[in-house]
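Structure, as structure tokens:
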Amino acid sequence: MEVPIYSYDVVIVGAGLAGCAAAREIKKAGKNVVVLTKLHPLRSHSGAAQGGVNAALSEEDDVELHMFDTVKGSDYLADQNAVELMCSKAPETIRWIEHMGAAFSRREDGRIAQRPFGGQSKPRACFAKDRTGLTLLQTIYEQAHREGVEFWDEWYVADILYKDGKAYGVVAFNLRNMEPAIFNAKAVMFATGGYARAFKINSNAHANTGDGLSIFARHGLPLEDMEFVQFHPSGLAGSGILISEAARGEGGKLFNKNGERFMEKYAPEKMELAPRDVVARAIMNEIREGRGVGPDGMAVYLDLTHLGEEKIMERLPELRDLAITFLGQDMVKEPIMITVTAHYSMGGIPVDIDGHVKKSPTELTEGLYAAGECACVSVHGANRLGANSLLEALFFGRHVGESIVKDLEKGISCEIAHPEEAKNMLKEIEFVLTNNGNETSAQLRQELQDTMFENCGVFRTEESLLKQKEILKDLRERFKNIRIDDKSKTFNTDLQEAIELGHMLDYATFIVEGAIARKESRGAHFREDYPQRDDENFLKHTYAYMDKEGNISLEYGEVVLGKFEPQERKY
Ligand SMILES: Cc1cc2nc3c(=O)[nH]c(=O)nc-3n(C[C@H](O)[C@H](O)[C@H](O)COP(=O)(O)OP(=O)(O)OC[C@H]3O[C@@H](n4cnc5c(N)ncnc54)[C@H](O)[C@@H]3O)c2cc1C
């Protein structure tokens, strides 16, 4: 098959906030850049973000406090140099996107309004009603277009060109007709977003299948801190569709079936606005002890009725619609039923603060970059605070774009790509199309999601994790027996889903292996058999590598500490 080769200075994979922000900066600097995305850019998950984006803007707040809250929220695992960079640039980042046209909600005096979010000492989340992500994404996408960035929508990237520590392009196919192509480039940036789809109840878009992570891992590159998966306290009961923390920020209260405002027991000071890990565990505990609500007792109530219709319609209109559509409950009139939902992934592709991908805790690759949720620069450590991730995607997207321009100006050599280098991808497609087994993607995915939620969820033990390790081994074996019905070449979603499932099985293994080895509880990773944080042995980042047989080996890297000394975390 003929494989065309296109040449660029930079190829970016992913058109969410991080990808678009980087592309705009790179194009503005006069470099030749293409953005490849499996979705239309405006369908990227960034557009689903509701609640807000943090910056210490107001007179009562300051950057140092934002840094402290972030480090404490991370259970001291965040790298403090990265936190300092992001928090100190946050006000400028908000002004930058605002000047490009993002219409934030306003205070009476005309300044940008800010709402409280979990674990933050001050109201710090700037917002556009409850559609913050969409507002930001539309703005940055428009501006990237205005600069003339080339977007290739509905192109699926399946592999990187990577040799001897150096990247020089990607291999992709067109989802419309399955035509393959190679994109040869001096710099390759991944901005492929989150991957909570490995869990049964999750808040993520269908596309959040962690492709980028597995693509790297299959080349022997490490993934960092994968055991830290954030469970958000408020997904709609049953589906897990997100009800933003903005609901609690605006004053929402949580009740169990006995009408008790149970957060009094778990976080008497911060109550519903404790960080997500704390609230999620409190909810699961109420449910486990039989105080849940709903037909299966698997939910609790979130009450917003005291806010009144006017405030709900002004601040949370989208959330009200979601609860009516998917649950038949109107938050203006009654409490709605919520439950914990897998939401965000703190771990990912390890990068330094300028976005260079690491090939070990202390060595960098060349020509390879990552930013946004797929990356782990470790601003969130073991637990992310709400509204810090839109900030991460926007700020680091832009910053890594600038860093690529600097590297290009210093000079990056580029290996010439050859058509045969599409062979891994073509083999993968051929396998899925022609394999004649008896397993379906839908069945394997369902089993993966059910068991990950059950055995590697909010509460974990050695026993549940070892069981999950065996289940994953079995699922990976069964994947070899997969069969799809659609053999066509036009928008073959069966094929795409099977390839995505392969990625999910790979990165889920990293989550489980990291969690088995981390014999402590920190942030979102809670081991019932090791309920305490153990700084002596585990104040360190996990780096995990996959070999050709799919076995994982681990090593550890240092945490960049700074002015905030680790302390006990109380709210
Ligand atoms: C429901 C919800 C609400 C949220 N609310 C907030 C909030 O209020 N505040 C906050 O700070 N954070 C929030 N978050 C988190 C935040 O939205 C994300 O972390 C952030 O937007 C991620 O941006 P990104 O650019 O890294 O990735 P994304 O926006 O997810 O974009 C990923 C891109 O990668 C592309 N891609 C992936 N794989 C491939 C492939 N194989 N080939 C080609 N393209 C590929 C996709 O097409 C897409 O364009 C929320 C998340 C969810 C799910």
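Just so it is clear, glycine is given a Cβ too, placed from its N, Cα and C backbone atoms.
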From the candidates HIS145, HIS306, HIS343, HIS418, give the one listed by TrEMBL for the same substrate site as HIS232, SER244, ARG384.
HIS343
Rounded inter-Cα distance in Å - GLY47 (FAD binding site), ARG276 (active site, proton acceptor):
21
Cα-Cα separation of HIS343 (substrate binding site) and GLY51 (FAD binding site), in Å?
14
Listed binding-site residues adjacent to ligand 1, that is, members of GLY14, LEU39, ARG384, SER389 whose C-beta is under 6 A away:
GLY14, LEU39, SER389
Go through the recorded positions HIS45, HIS232, SER244, ARG384 and tell me which ones have a CA within 10 A of the CA of GLY51 (FAD binding site).
SER244
Which of the listed binding-site residues (ARG43, HIS232, ARG384) has the least company, meaning the fewest other Cβ atoms within 10 Å of its Cβ?
ARG43
Given the recorded positions HIS232, SER244, ARG276, ARG384, state which is nearest to ARG43 (FAD binding site) when distance is taken between Cα atoms.
SER244
So which one is it: of the binding-site residues GLY14, GLY47, GLY51, which has the fewest other Cβ atoms within 10 Å?
GLY47
